[in-house]
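*Asks:* One structure coming up, written as structure tokens, with questions to follow.
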Amino acid sequence: MTTAAIRGLQGEAPTKNKELLNWIADAVELFQPEAVVFVDGSQAEWDRMAEDLVEAGTLIKLNEEKRPNSYLARSNPSDVARVESRTFICSEKEEDAGPTNNWAPPQAMKDEMSKHYAGSMKGRTMYVVPFCMGPISDPDPKLGVQLTDSEYVVMSMRIMTRMGIEALDKIGANGSFVKCLHSVGAPLEPGQEDVAWPCNDTKYITQFPETKEIWSYGSGYGGNAILAKKCYALRIASVMAREEGWMAEHMLILKLINPEGKAYHIAAAFPSACGKTNLAMITPTIPGWTAQVVGDDIAWLKLREDGLYAVNPENGFFGVAPGTNYASNPIAMKTMEPGNTLFTNVALTDDGDIWWEGMDGDAPAHLIDWKGNDWTPESDENAAHPNSRYCVAIDQSPAAAPEFNDWEGVKIDAILFGGRRADTVPLVTQTYDWEHGTMVGALLASGQTAASAEAKVGTLRHDPMAMLPFIGYNAGEYLQNWIDMGNKGGDKMPSIFLVNWFRRGEDGRFLWPGFGDNSRVLKWVIDRIEGRVGADETVVGHTAKAEDLDLDGLDTPIEDVKEALTAPAEQWANDVQDNAEYLTFLGPRVPAEVHSQFDALKARISAAHA
């Protein structure tokens with residue numbers, strides 16, 4: 001095939017991969033873009049796009065002295081978060097999508113979306129974005145190509161992935177890649193003026209597990225449009241992982257170094273906006289302990305001879321801005337200091353800096369809010385959207401672990417599960433074994449957050465392994481993959497712990513200070529792994545004793561810590577019915593091991609409650 005078949009191609013195609021060229025040519029006929037551009041991933045390209053988007057009104061260049069090479073985007077108010085009701089797993093059989101996903105027949109969905117895709121890039125440029133998941137040095141990397149009509153997405157992809165010519169070279173003339181289609185769904189007729197944030201009221205985010213394809217339409221926001229993120233790194237990768245014998249998980253990866261210089265690696269799964277990023281970038285409050293970040297959101301876990309190893313498939317942080325400050329997350333703030341950051345839906349100060357709720361200091365007397373309106377401290381609405389974001393490269397972080405770029409990953413010593421529970425769940429508990437830990441993860445529940453556009457904030461929702469919106473196939477089979485991995489790994493598998501930073505007293509106060517003081521919990525986790533401390537036996541497992549936590553210099557009353565470490569049997573009993581119904585909801589493919597572990601939990605609750 002010749003490149004002439006790609007109508008509107010700018011210059012020569014920098015690849016001889018026939019599958020890729022044919023796919024692009026077909027997409028051009030469907031989308032009908034004005035031009036087709038292969039991105040190279042260079043700084044010059046990023047700068048050029050930024051200039052164009054500033055001119056178009058999509059981006060605002062921030063104060064060069066305060067935020068060098070940084071920009072603010074304001075999305076359409078209808079396009080501010082993941083849209084779970086419009087997210088589909090289009091497996092051939094409905095039961096393979098399972099009860100936690102929206103399903104549609106693949107061909108019917110492709111027919112439906114093709115109607116929307118037809119001509120949807122008129123008047124726009126189609127960008128060809130090759131990208132690599134994880135370090136580009138991986139001898140057998142997972143690759144992808146996204147076709148998009150959004151420059152904002154291209155700029156975000158340069159931060160969030162290893163993208164451009166290097167990734168295209170990795171694909172080579174015959175390499176395979178995940179095909180990702182994305183259009184904001186806002187064609188331009190000749191002479192029609194563009195809007196600052198093109199999008200469409202009709203939205204689809206669809207994954208095709210059998211063919212490893214991702215099709216997205218109508219949204220320019222984050223995880224709906226940056227298809228390497230949740231769509232590939234979790235939904236499609238979880239399918240690949242099941243087929244190939246590994247795990248794709250919604251987990252941070254943290255390197256913790258004790259005063260003697262020994263390093264430990266922890267993976268942790270928390271629902272969105274439950275402190276995952278803050279833990280990934282923790283600054284320990286215990287003298288002599290330091291931490292480094294390998295990843296803040298996603299971990300790919302593979303068995304090697306001596307244990308379970310984790311790689312971060314991403315290249316950047318896409319963090320929730322509100323609440324981030326020099327007290328809660330100094331590393332995130334310092335990561336943004338050199339600039340090179342893309343902000344979305346935060347507020348703009350009069351001197352060209354950014355601001356959000358929970359930032360250090362008092363709110364400025366005047367701001368422009370995320371909708372572009374004047375804002376003062378007397379205003380009724382938030383200046384920044386609750387799900388506003390910063391997007392910045394990991395290697396800019398002062399706490400980036402050098403292993404972040406090691407394709408073999410880091411050996412995981414412990415896995416943490418944790419949500420946002422005001423009661424019931426103690427501060428930290430070690431599970432009995434891998435099977436017990438799998439059941440605990442399967443029944444993880446948390447309060448709702450603003451990261452989903454449709455959540456009722458504050459209600460409790462089940463979130464198995466914090467993967468509920470991201471499991472790309474049947475959730476029962478996903479849990480089976482956990483059991484299978486444990487059977488394969490045996491005693492090489494890491495210990496699993498359940499944590500809860502969010503326990504409250506009767507008057508509503510938090511019983512645990514959280515943030516940097518969570519290092520005290522991590523130290524106990526390591527002490528348990530090393531066999532240095534005992535534990536209380538509670539209904540949920542081996543729960544820490546207050547006297548075994550390093551509480552030196554902590555202002556929190558010891559009574560609060562002790563209360564945070566309780567696992568009241570009557571509260572666990574209140575959850576039994578709900579948990580039983582949830583396991584039933586997950587369906588007949590839930591492993592027998594999970595059911596037997598739940599039966600054992602019920603027996604412990606009954607015995608303690610008697």
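All positions are counted from 1 along the displayed chain.
Backbone N, Cα and C atoms are what each Cβ position is placed from, and that goes for glycine too.
Note that the coordinates shown come from a computational prediction; the quantities given were computed from them, not determined experimentally.
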*Asks:* For the substrate site that Swiss-Prot assigns to Tyr221, Gly222, Gly223, Ser272, Asn387, Ser388, Arg389, which of Arg82, Arg86, Arg520, Arg528 is also named?
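*Replies:* It is Arg82, as the record lists it for that site.
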*Asks:* Besides Lys230, Asp297, which of His250, His265 does Swiss-Prot list for that Mn(2+) site?
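*Replies:* Swiss-Prot names His250 for this Mn(2+) site.
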*Asks:* For Asp517 (GTP binding site), just give me the three-state DSSP call.
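*Replies:* Once the DSSP labels are grouped into three classes, Asp517 (GTP binding site) ends up as helix.
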*Asks:* For Gly223 (substrate binding site), identify the closest of the recorded positions Lys230, Cys274, Thr277, Asp297, Phe515, judging by Cα separation.
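*Replies:* Ranked by Cα distance from Gly223 (substrate binding site), first place goes to Lys230.
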*Asks:* For the binding-site residues Asp297, Asp517, work out the Cβ neighbour count at 10 Å and name the residue with the minimum.
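*Replies:* Relative to the other binding-site residues in Asp297, Asp517, Asp517 has the fewest Cβ atoms within 10 Å.
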*Asks:* Taking DSSP three-state, what's Arg389 (substrate binding site) in: helix, strand or coil?
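*Replies:* DSSP call for Arg389 (substrate binding site): strand.
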*Asks:* Judged by the number of other CB atoms within 10 angstroms, which among Tyr221, Phe515 is the least packed of the binding-site residues?
*Replies:* Phe515
*Asks:* Restricting to the chain of Thr277 (GTP binding site) and a gap of 6 or more, list residues whose Cβ falls under 8 Å of its Cβ, or answer none.
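*Replies:* Once residues fewer than 6 apart are set aside, Thr277 (GTP binding site) is near Leu252, Asp296, Asp297, Phe317, Gly319, Val320, Thr324, Asn329, Ala332.
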